[in-house]
Every structure is written in C-alpha cells, then in structure tokens.
Amino acid sequence: MKTSISLSPTIIVIFGGTGDLNLRKLAPALYNLYSEGYMPEKYAIIGTARRPLDDDKFRNTLMEGVNSFSRTGKVHKDKWESFSKNIYYQSSDVKDSASFDELRIVIEKFKDEFGPETQIVYYLAVSPDLFPAIAKRLAKFKLAENEDNCRIVVEKPFGKDLDTARELNELLKERFKEKQIYRIDHYLGKETVQNIMAFRFANSFLEPLWNRNYIDHVQISVTEQLGVGDRGGYYDGSGALRDMIQNHLLQLLCIIGMETPINFDADEIRDKKVDVLKAMRPFSAEDIRFNTVRGQYSKGWIKGTEVPAYRSEKDVPDDSNTETFAAIKFFVDNWRWKGIPFYVRTGKCLTQSSSLITIQFKDVPHQVFPGGAAENWQQNRLIISIQPEMSIRLQVQGKRPGLDMILNPVDMVFDYKGTYTTESPEAYETLLLDVMTGDQTQFMRADQVEIAWELLMPVINAWEQKKSLSFPNYTAGSVGPENAEALIARDGFHWFTLPLNKD
Ligand code: NAP
C-alpha cells in the first residue's frame, strides 16, 4: 500500500503484447500512469507476440486500444508521443527458446542504459497453457535471476482446479521466489474494494459491531448483464464457479471476514485472508445439495435486444453442462462468524450489472414503536457498492417528516462521485503500480489460491459428475434461477439490489 512513490528504472515485458488484455487494460493503465506522473523516469515497455510488427505499428495498435478503452478517453497527442517512444515490439514465439535469447539481448541493452538499479517486470498476458513455457524459459535463460528486482505477473485463471493450481505453483516455486510472483486478481485493485479495508480498519465504530453478535448475514453479489459473447470457447471450460467465485468473490468475502491486521505488510494482510479461507466450512454432499445452486441461461431479452441461449452461443456445445450462474451459502467457522451465513452469487445475462456487498445487521432486541409507526421497518444494512455506483450506504431508520411518528429506512451515503472530484484509477493502474513498487498486498499468494480451490473442489466435482437435468433454468434478462431465490428465502432473507443501473 503506497503513500508516496519513487520508482527505479523499469523494463516491462508483456508476453501477449498484441492481445485483448494489453489493448483493453494494460496499455491504457500504463498510459494513464504516465500521464499522472506515476511511471518511472526511465522505462521501456517491450511487447512480444508471434505476429510480425515493427515498433511503430505496435505503438499504433496500442494507441487504438487506449483510444477505445481508457477511462480518460482518447490520448493527448504530445503525451502519447513522449510515452510511446519507450514502447518496443519483439516478434517471438514463447515456445521457441531462440526468442528468449533475443529477449535477453534487448533486456541487457536497456539494463546497460538504465543502470544497475533496473527492475524487470514480466507480464504473462497470454493463454494459461503458455504460462509454463514462459516460466521455464525465463529461468533457463537466467532472465529473472535477481530476486529483488525481477517480478513475474501471472494473469487469471490460476489453474483450472486444485491439482493444476498446485502444479503451476510448483513450477513457479522451483524457479522463482514467492516474492517475485504476482498472481493477479484484478478485483483487488478496484478502488472500492481497497476502500473496504480503509472503512473497516480506519474507523473505530465498526469493529465492535463486526461479528456474529450484531450481523445476521452477509451477501456478496456480482451480476452481469452481458453473456459470454465471443468467449464461449474459454468460458465453457470454466463456468461461474471457477471464473468468478474461486477468485474474485472469495477474495471479497475474505476482506469482509478477515481479522484486523497488525499492519499493512503484504504478508500480514494475506495471512489474515488465508485465516478466513481456512475457517470456511468444507462442503459435505448434503451442503452441496442444500447450499449451492447452479444455473444456465436460456434465450431472452436484455435492454431491448434478444439474447441467445447459452447453448446457442458461439463455440458452446448444445448440451453444455457449464453453469453461467452460481449461488452458494458459505459459513466461516470461527469466533467472529460462527453461524452467520455468507450468501454469494454471480451470473451472466441477468437483469442488472452490479457488484454489491450487503451486510445486514440484527434486528433491534425490542420494538418500542407502535405497530403503525414501524410498517416500513427494515433492519440496518451496510451496502458497499463496487460497481457501477461506487458508494457505501448505511441504511438506518429515520422519522418521516410530519406530525405522526412514522419510521422509514433512509440511506446515509458516501458516494465517490459526490465526495471527490478526482477520478478513481482503474484496477490495472493500481496493480501495475504495485508491481513496479514491489507491493504484493493486493496479489494472491500461493497458499491463498490453493485453499480457495480446495474449498470449492467438492462443489466443482459434484457439478461435473452429475449433469444438471434442469439446464437451462433461467431466462436471459431475469434475476437468475428460482432456486437461488429459494436458497436465501429459506432463511428469511432476499437478495438485495440497489434500485439503479447506470449501465
Ligand atoms: P488474447 O487476446 O487471445 O491474446 C493472446 C496473446 O498471446 C496475443 O498477443 C497472441 O499474439 C499471443 N500469443 C499466442 N500464442 C503465442 C505464442 N506461442 N508465443 C507468443 N505469443 C503468443 O488473450 P487475452 O484476452 O489478451 O488474455 C490473455 C490472458 O489474460 C489470459 O490468461 C486471460 O485469461 C487473461 N485475462 C484477460 C482479460 C481480458 O480482458 N482480455 C481479463 C482478465 C484476464 P500472436 O497470436 O500474434 O502470437
């Protein structure tokens, strides 16, 4: 966690330089960091991929990416020129060892120019099946030997299950130190997610209430209006559980559930998160039956456009068993949370795109108001909205103006837009800067990834072994399968949504 910045000269090698991730996220993030004065004084960005391109063509490709996807809009001509003169392209196949020899020569040239303090970041923005090829050759060609200033960023997905995650961890651990490995979960870089830490640990009023005595349940809901689009081939091998819950949603749960850290040291924070994962109740066959729900969308309408059924999407088999929706009731068996349900849901082609954490507090122990006054009674809620709105709302009861005593739930709101004039950085800006400063707080440690997989493997296995007979079981544009409503309604609650959708 940074409060001031001083960066050594940096070489950033992006494997998959011409790919979607670089165009959409990395290049805009690096350009915005540069524009706002957060890039090192001396830097070189080297993109690599197989297709032949020269530096200028590569720079233009990235500029188009920035123009289309940057939160700050189209590039400023002069700024882009001074930023992009440090961008280079090398055509290479990561499966070909000769490419790494060539890369070594380029890196040595910049190191000589930049000086001995030069740090190197290798960003693996390629398909996960290429991670091992790159890691092995980086080690073989001694390109990441200096453990203090060579870092490797590994994109998601980190493994497809517990075995493959362990395998990848082993492969990386044999070649690099854990302090060199930055496993990305971009949710952790989001401004509102970082603010949960600030809100929880910088305000004294919250901690006494943050436990099973005052909270009756927690909801974490990440819903998307979009379907799988062109990513059907990838998505069908993944599904909502692997793609969203194993990483993003469990990480959010950890931030809500973790104990107070002693300080902001990266390992201290990650230790506290791992403790939550360790305390999570393992799934028995009965839990899987009663506490998990899977869904897959049928055709429907979203924003006036007809959406095909998942099984009719490009590259998706017409008998696919892959879930596009998942809802799970988790328990964290420790002193703080014993018995308190954490309901988690995520899905595609739903009514709203929103990421929301709702903490519902227990009801007052005794009702002192006459029945008529409390008709709109609502237990207190803390609502953390990550997107599209970036806000924290505390729902309390207030008296409606007038001569009668009538209570009404009202929101005390901290809204980023209303409070600050500066725009929030994109998650990838925060995370790339963290990599350059060597701060691993917002990155997944090996044990975190493995425990999260371990927790979900019984559900993944059960869903794979027993094909759903009810798929498709929700209409595109709806709130999801009925069973997901029943999962939470059985306990007397309902999924909370904010009455807005700025998409
Ligand atoms: P992509 O668009 O398919 O890009 C893949 C890149 O890898 C291209 O630049 C491709 O260029 C290069 N490549 C493929 N085979 C290669 C080889 N043998 N040697 C060298 N380069 C090779 O994929 P992406 O969407 O950018 O995703 C990359 C990674 O980021 C994946 O792990 C993905 O899960 C993750 N991710 C992506 C996003 C996103 O928004 N796109 C979001 C989160 C995570 P050539 O064909 O020219 O070689």
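Using N, Cα and C of the backbone, Cβ positions are placed for all residues, glycine too.
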Co-listed substrate-binding residue [TrEMBL; alongside HIS186, LYS190, GLU224, ASP243] among LYS74, LYS77, LYS79, LYS348:
LYS348
Report the candidate from ARG50, ARG51, ARG200 that shares the NADP(+) site with ASP93, VAL94, LYS156, as recorded in TrEMBL.
ARG50
Proximal but sequence-remote residues of the same chain as LYS156 (NADP(+) binding site) (Cβ under 8 Å, at least 6 apart):
ARG183, ILE184, ASP185, HIS186, ASN247
Relative to the Cβ position of ASP93 (NADP(+) binding site), how many further Cβ atoms are located within 10 Å?
13
Give the helix, strand or coil assignment DSSP yields for HIS186 (substrate binding site).
helix
Among the recorded positions ARG50, HIS186, LYS190, HIS248, LYS348, which residue has the largest number of other Cβ atoms within 10 Å of its own Cβ?
LYS348
In whole Å, note down how far the CA of HIS248 (active site, proton acceptor) lies from the CA of GLU224 (substrate binding site).
14
Nearest to HIS248 (active site, proton acceptor) by Cα, among ARG50, ASP93, LYS190, LYS348 (binding-site residues)?
LYS190
Mind telling me which of the binding-site residues GLU224, ASP243 has the densest Cβ neighbourhood, counting other Cβ atoms within 10 Å?
ASP243
